[in-house]
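Reading through the structure tokens given below for one structure.
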Amino acid sequence: MEAIFHEKQEGSLCAQHCLNNLLQGEYFSPVELSSIAHQLDEEERMRMAEGGVTSEDYRTFLQQPSGNMDDSGFFSIQVISNALKVWGLELILFNSPEYQRLRIDPINERSFICNYKEHWFTVRKLGKQWFNLNSLLTGPELISDTYLALFLAQLQQEGYSIFVVKGDLPDCEADQLLQMIRVQQMHRPKLIGEELAQLKEQRVHKTDLEQVLEANDGSGMLDEDEEDLQRALALSRQEIDMEDEEADLRRAIQLSMQGSSRNISQDIPQTSGTNLTSEELRKRREAYFEKTKLHLEAMSEEDMLQAAVTMSLETVRNDLKTEGKK
């Protein structure tokens, strides 16, 4: 299929595409077709002038736009016919009485040119197979021999004018290649408008998908930030709890030391301070601190905490008894 020359639609240059797809090459340009159109306009003007340049018909003809071309790139059947004459080719109307009397099977022809309103396209045989070379398609469309007659009948029913191309077409690479092999087409080509619409839809879908992905990425970032914040708060709460535990432990130790000091002081024999020497006082203080140290080392944190709670309860009871006496 790659060997088949197929010009796709540009503007309204379907007549140019039709001729080049028929001849399988870049044989005609808009400039060359415009030159043929101007030549036809001049021939028509000269014929109209034969009736008198001062006649009303001649002045009306001069005021009318060209019937062979326009600014959009449209060219008439006369332009196409004259362009094909350069190659010794002739156009015959497919449904004309003269051609129908010949009773020729369409598959025995070589090519057709089809026209509806201002659009032209070629149906041509390359090798042993038929192809629709419409410039509005994304590529050549394979037409089976059995479907060719139905395809042409359908075009006529839709209002197309069909012309049979008579004469020897120039040699082309695709025709030579397809004489040796037959091609198969798995997927029919789409109209260019349909392909553009599909591409646009894909771009819109892709844009929507990108927006969704971006939104998901954004929410993912927010989720990550929120998780970091939650972890920070949890750590903060743990630190506060640890600080509270440490404060409780310090208070328990302090209360335990206070309770222990009272117990230790009760164990020390009460002796009058006036009868003790400075050396005896120093030794008693050392003994007191040593005993306190040994007592604290023997206590576990749980013991300290329990002692603190016990001391707190005793303090509360003593306060309540004092207030009751008052």
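The backbone N, Cα and C atoms fix where each Cβ goes, glycine too.
Note that the structure is predicted; figures quoted are calculated from it, not measured.
Per TrEMBL, active site is recorded for Cys14 (among others). Take the CB of Cys14 (active site) and look out to 10 A: across all protein chains shown you find 23 other CB atoms.
According to TrEMBL, the feature active site, nucleophile maps to Cys14.
For His119, the entry in TrEMBL reads active site, proton acceptor. In the structure as shown, the Cβ atom of His119 (active site, proton acceptor) sits within 10 Å of 18 other Cβ atoms.
The active site annotation in TrEMBL covers His119 (among others).
Sequence-distant neighbours of Asn134 (active site) (same chain, 6+ apart, CB under 8 A from its CB) are Phe121, Thr122, Glu141. Among the features that TrEMBL reports, active site is placed at Asn134 (among others).
Taken from TrEMBL, the feature coiled coil applies to 226-255.
Summarising the annotation, TrEMBL assigns domain 'Josephin' to 1-180.
Straight-line distance linking the Cα atoms of His119 (active site, proton acceptor) and Cys14 (active site), rounded to a whole number, equals 6 Å.
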